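Record features (TrEMBL):
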- E125: active site, nucleophile (ACT_SITE)
- E129: active site, proton donor (ACT_SITE)
- 45-239: domain 'GH16' (DOMAIN)
- N133: N-linked glycosylation site (CARBOHYD)
Amino acid sequence: MNPRSQPNPHTASSYPTLATTTTTTTIITTMAMRFLLVACSLLAIASAGNLYQEFDVTWGDGRAKILDNGQLLTLSLDKASGSGFQSKNQYLFGKIDMQIKLVPGNSAGTVTAYYLSSQGPTHDEIDFEFLGNLSGDPYTLHTNVFTQGKGNREMQFKLWFDPTEDFHTYSILWNPIHVIFMVDGTPIRDFKNLESKGIAFPKSQPMRIYSSLWNADDWATRGGLVKTDWSKAPFTASYRNFKADTCVPSSATSECASNSVPTNGGWWNQGLDSMGQQRMKWVEKNYMIYNYCSDLKRFPQGLPPECSIA
């Protein structure tokens, strides 16, 4: 059981349209999806949208607060409990931004999780997780993608700035062809739709946004070697300027209408152009510290199939 989605209260930029090299199979698949997806409305939320209207505090006994007339949300963690919130809406594809300022100082043992997820044993999930650090050490940004209940696709990065000094924008671009993770508009990871190769892709299960601040000192910092220093509590992470340009399912079909998605080169058709690919390679070269596709010891029977597909 993961405390992010099942909390225990007693423990603690835009990118151009994809190149025309898309395969015929992918084009046909995408057209079929657009035809079949029904009963959905687009939801565009202003960058300074009211957080009261978009999120519900779900646990923490008052440790999570929405402040400043709905312009700021804070989560806190102490020895008794962490805290969390979730979106009122479910989403099926979209471009979602959130500005986050992480726990400052000695945050070792803590995890600030911000992610999209559906429910159930075959759930889909798109994860940002920020693993705490000793004062002066860089945060670890942990990413993962679950499809049909299968994860184990972790990539980890150090950031090129101190994420505790100010707010930075963490974005997910999710459409029928890509899941792209971005930090301040810089792409750091692109999980592509490879269904034609037999690899599942998150496309049919609506997901809510979840976030939580919780204690994971059994693994979060240096593999659990560094424990949480509770004398530094309460630990606090802050959120603002939520923006979502998304499809919000509005019927029992939980699907997105083809006539409700952008048709002018918006997020529905976005991928990475050559500049975006170069920026992502720069991040991979200089800031990636773990890639599951390079971990031969972890997968002695062979790397996951998507790792060998360009």
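Note that Cβ sites are derived from N, Cα and C of the backbone, with glycine treated the same way.
Positions of the features from TrEMBL, shown on the structure.
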residue : record                      : Cβ within 10 Å
E125    : active site, nucleophile    : 22
E129    : active site, proton donor   : 20
N133    : N-linked glycosylation site : 24
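The average pLDDT for the domain 'GH16' (45-239) in the predicted structure is 95.
Distance noted between the C-alpha atoms of N133 (N-linked glycosylation site) and the residue listed as 'active site, nucleophile' is 25 Å.
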